[in-house]
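Taken straight from TrEMBL:
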type     : residues : note
TRANSMEM : 17-43    : transmembrane segment
DOMAIN   : 35-272   : domain 'G-protein coupled receptors family 1 profile'
TRANSMEM : 55-81    : transmembrane segment
TRANSMEM : 93-118   : transmembrane segment
TRANSMEM : 139-160  : transmembrane segment
TRANSMEM : 166-187  : transmembrane segment
TRANSMEM : 223-247  : transmembrane segment
TRANSMEM : 253-274  : transmembrane segment
REGION   : 292-370  : region 'Disordered'
COMPBIAS : 295-349  : compositional bias 'Low complexity'
COMPBIAS : 357-370  : compositional bias 'Basic and acidic residues'
Amino acid sequence: MNNSTIEQPLSVVDGPLFVSLIVINAFSAVLAIVLNLLVIVTFVKTPSLRTPSNILILCLAITDFGVGALVQPAYCTFLFADMTNDTNLYQTVYEVVLLPAFNILFNASILTITGITVDRFLALHLHLRYQDLVTKKRISMVVIMIWTFSVLWTCLWLLLVKVTVVIVHIENILSLLFLLFNIALMLKLSCVIRQHAEQIQVQLQAMNAQPGAAVNIKRSVNIMYYVLGTFFLCYSPTIVTWIIQAFMSKLEISIVVRSILFMNSSINPIIYFWRIPDMRNAALQSLRSFRRRNNNNNNNNNNNNNNNNKNSSSSSNNSSRNSNSNENEIANANANGNGNANNNGNANSDTSVNAENSEKTGEDRWISTT
């Protein structure tokens, strides 16, 4: 859920702060794209991760990927346009990309975080009924409803914000209410989880069993704390800034806080891979298989190149051999021709000698008769 603070020119801020924020947002955008894309691919390729709770995490990863792919590049362009006083680029980026994308993704993100909190609350209170009531089909319907509401609310917001600024204040109040609801529910979850962990620990000690269940509960609590804690750390300053800007303009605080808000999209996947072993192992396996495929493709290409080189060399050798044999045949033919010519010459000389001898014999006979 958004506000109208980005509309105001930010040229009152010094240039070095602009450059610093552009660099930070660009780096955070690349990190968010790569890591969240890895989360999405890991979910798609690993059927064991497709649980109702993880579907909500997948939805959050998609929103974070959208922030890195759309919102942060647009925000960098937005800051650059304001720094260079390019009014046309400033207005185009803000109205066409930044404002709609930020509204949709922020709405989807905060609603998904609320869904994750409610899901954990139901898992602790429903116990065995949780798997019967919270199914993948129902969670998928919830995700569809989240995105549908986000798009429709953004369209309504874009239409009404041009008429009145009341819609901006309404949205800020709703964002604050969602934030307070998540805080209250998280505190309630913390109390329930602590009580359950203590009860399980007492039961395990009485049975002299291994504390595996307690470790799993502690791990799930840590994951929830990290994800939700990061969410509140990154989003709470934005809510506070909105309240401050209702009474005074704090543009420098606004753009810095907004950059902190965007950085949440690159921090979340790090938490997933750090605190969820199944996801981390599946991601590593996917990376290894991808690397093996690349190595196999490179080896196949090298083998094909070697075979082509061998074929070309053998073809050249065959052609040289054929040319040599042709030359030998021509030489032999020439030699035979010369031999025949010599024989013919000898035969002709013998014939001429015989003719001379016969002529002399005839002359001798003629003389004797006379």
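Going from the start of the chain as shown, residues are counted 1 onward.
Just so it is clear, glycine is given a Cβ too, placed from its N, Cα and C backbone atoms.
Automatic prediction, not curation, is the source of TrEMBL annotations.
Counted over residue pairs 6 or more apart, the CB atoms of the transmembrane segment (253-274) and the transmembrane segment (93-118) come under 8 Å in fewer than three pairs, which marks the two as apart. At the 8 Å Cβ threshold, with sequence separation of at least 6, the transmembrane segment (139-160) lacks contact with the transmembrane segment (17-43), having fewer than 3 such pairs.
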